[in-house]
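Read the structure below first, then the notes.
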Amino acid sequence: MTVTGIIAEFNPFHNGHKYLLEQASGLKIIAMSGNFVQRGEPAIVDKWTRAQMALEAGADLVLELPFLVSVQAADFFAKGAVDILERLDIEQLTFGTEEVLDYESISKVYGQKAEQMEAYLAGLPDSLSYPQKTQAMWQEFAGLNFSGSTPNHILGLAYSKAVAVKNIKLCPIQRQGAGYHSLSANQEFASATALRQNLDQPDFLKKFTPVHHLLETAPKVTWSDLFPYLRYQIVTCPDLTSFYQVNQELAVRIREALKSSETIEELVEQVATKRYTKARIRRLLTYILVGARQEEVPSGIHILGFSEQGRQHLSQLKGKVELVSRIGKKPWDSLTQQADKVYQLGNPALKEQNFGRVPVILL
């Protein structure tokens, strides 16, 4: 049986994600963000609920991406996730994209010219943001030109880089329905953004989410719930540069902007510049919120849930890969566990996120 990897956030799980799972073949392994996601924000519902959503919709195995893999720019997010999936013996990586290109050929270009491409990237002026530099690199070496408004396509290119020296096939699937950030919906598909904007509309959730009962009943967390804790961190920490990736320039900008910011949106808007994108600023603020500092990615892989087929695959991996199914019995990643404690502050109805929790089992 083919073993297919999918990298996802499921924030929250919707019909487009179900479609992706239906198009994927064989045993489906999901590498999923934990309680904080790539764009630098808390997941709307916790990782256990989202893992159950995925399993009920056809996933076979759901593992958790560590915090410092989940909350990263596209290239680092993709590399970290692919490295973990490779250890679980995936043969192909399936992903949704706005533009179905020949990603295999694109990956070969990077495999052949990686050193030149990275040198070109490093030589671009710092006045450009990292996404702008990446776009310039792909345009120069592969003739690609794309818009920053197509994040799944950008991730597709990041996956092309990540698998360039690995024996993993790329399987792009045309994204269905509304765009990634779209607030509109068509007859069958709505974006995760639109769903997060309509959490108080049961009919909307029922129409566009296959496991709407889980989304409706799960405790929710948003940046507005956690913003007071971020404000406290910024006000009380004597040196913001002690946090992961925060430089002196940004530390000054963040402190100054906080004085006139009542919401996370206002703070991000004031701190962001042409060089420092809003997504990057949200990630930095997330690092400050959870107290993130540079750490090694854990060697163990935390399992959030599995089906019967997933259980059989895990049994074949025992002895080859360090699998963590119960934190407490075995330690895992201290930073991710710290981030989970902060996440729990966002809603008192949330259950303990790590200690004593066992994988969701759907047999």
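Any Cβ shown, glycine's included, is placed from N, Cα and C.
Taken straight from Swiss-Prot:
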type    : residues                    : note
BINDING : 7-20, Gly96, Asn152, Arg175 : ATP binding site
Give the helix, strand or coil assignment DSSP yields for Phe13 (ATP binding site).
coil
Any idea what DSSP makes of Ile7 (ATP binding site), helix, strand or coil?
strand
Hey, does DSSP put Tyr19 (ATP binding site) in a helix, a strand, or just coil?
helix
So how many other Cβ atoms are close to Gly16 (ATP binding site), meaning within 10 Å of its Cβ?
21
If one looks at the chain holding Phe13 (ATP binding site), which residues at least 6 apart in sequence have a CB under 8 angstroms from its CB?
Arg50, Met53, Ala54, Ala57, Thr209, Pro210, Val211, Leu215
Cβ-Cβ neighbours of Phe10 (ATP binding site) (radius 10 Å):
26
